[in-house]
Amino acid sequence: MRLKGIFFLLSLGAFTAYYVYQPIPDEIEERWKLMLTDCFFRSLSHLADFSELVGLKDYMGVMMFITFAERVVTVSDQRVHVTEELFDGVEVVVYQPKLQGGDTELRRAVIYLHGGGWCLGSARMGPYDLLARQMVMDLNSVVVSVEYRLAPEHHFPVPYEDVYRVVKHFLQRVVLAQYSVDPLRIAVSGDSAGGNLAAAVSQQLQQDPEQQLQLKIQALLYPVLQALDLNTPSYQQNQNMPILPRTLMVRFWSEYFTSDKTFFRAMMTNTHNSPESAALLDFVNWSSFLPESYQGKYNYSAPVVALSAGGAGSNRPSRSIADPRASPLLVPDAVLRSLPKAYVLTCEYDVLRDDGVMYATRLRRAGVEVTHEHYARGFHGALMFTVWPTDFLIGRTMTENFIRWLQHNL
């Protein structure tokens, strides 16, 4: 009996070690902490797959546990005044410095868009609340954190349209005066899917003939910028990396556009392009826009064009992937030339690395001033891992460098 107990414990230990262990590159710091963190994400993902398979709850409905678990009550403190408001019908959380006696100076402002693959996340999550407060205190700025509606309940373009309405509303002189914001010192920023939305909004604002005030800068943190080629070198190199493996990123893209699982399967095999989107593949030809150091051992092969990508009735998502509001990397150089100064953060161990690198390259070639900060030891989502027990040194470093850039450029 005793031997059976020992055997059971050894077997359990071996299974646990096998499940927890992930082959993570030696260059990544705090590897075991990342393994344990990713073990939680993978376990939840497996549970979500099972739940969807047996018809209990859809995949993203289960994954929303992450969002709910990290939610905090956004309240004012001694230094930061916090309010929850509606900007043109969209929920926002506004963070402002508490007024000091006789303080009449106009402030900077940052419109921040959370990540989460357009399907998860919230402005009210602890890491985003912490980041907003830090920006308020370090920059003496107003921060507008946007609670845009999420897919799959609200497919593209709803999340984008929510964000665009917020930005348009805020960029009115009467509204800026209400928050004592300098009209010439306003930024839009976001991480991951939020970086996608920030880039898209920056582009569309420049093309809006009715828009009088414009953004001064855009700050894109490991942004996702195109859905045409899901086999770039970084998608291949990092397909099994922690936090955001290729399968999950492809699922985010698919759910953003449609609930049709046929389209998801087409995206997984990179055969989801229609003739319409195929005409834009030159804009994401990574052999033209990636420096050789990022191309590595991979050779470019254009994605297959399938006339019926996603199955019958799927022409809407096939059109959506070609929409620059969803894939900002697809705009021509003429649009890029008028964009504001940009900060682009990328991580080596991230499927989205090449999206950011290609965008930084194209912006520079179009004459836009770009700061590209690449973290050779970075992984996707690191900026949000700043709260115990998933606090990583690289997350704090990224935050400090990002805010320092805002201090010097906003």
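Glycine residues also receive a Cβ, built from the backbone N, Cα and C atoms like all the rest.
TrEMBL annotations: computationally assigned, not manually curated.
TrEMBL lists 1-17 with the feature signal peptide.
Annotation comment: TrEMBL describes 110-262 (among others) as domain 'Alpha/beta hydrolase fold-3'.
Around the Cβ of SER192 (active site), a 10 Å sphere holds 28 further Cβ atoms from the protein chains shown. According to TrEMBL, the active site annotation covers SER192 (among others).
Annotation comment: TrEMBL describes 318-383 (among others) as domain 'Alpha/beta hydrolase fold-3'.
What TrEMBL records for ASP350 (among others) is active site. ASP350 (active site) has a Cβ environment of 27 other Cβ atoms inside 10 Å.
TrEMBL lists HIS380 (among others) with the feature active site.
When Cβ atoms from all protein chains are considered, those within 10 Å of HIS380 (active site) total 26, not counting its own. Cα to Cα, ASP350 (active site) and HIS380 (active site) are separated by 5 Å. On the 0 to 100 pLDDT scale, the domain 'Alpha/beta hydrolase fold-3' (318-383) averages 96 in this prediction.
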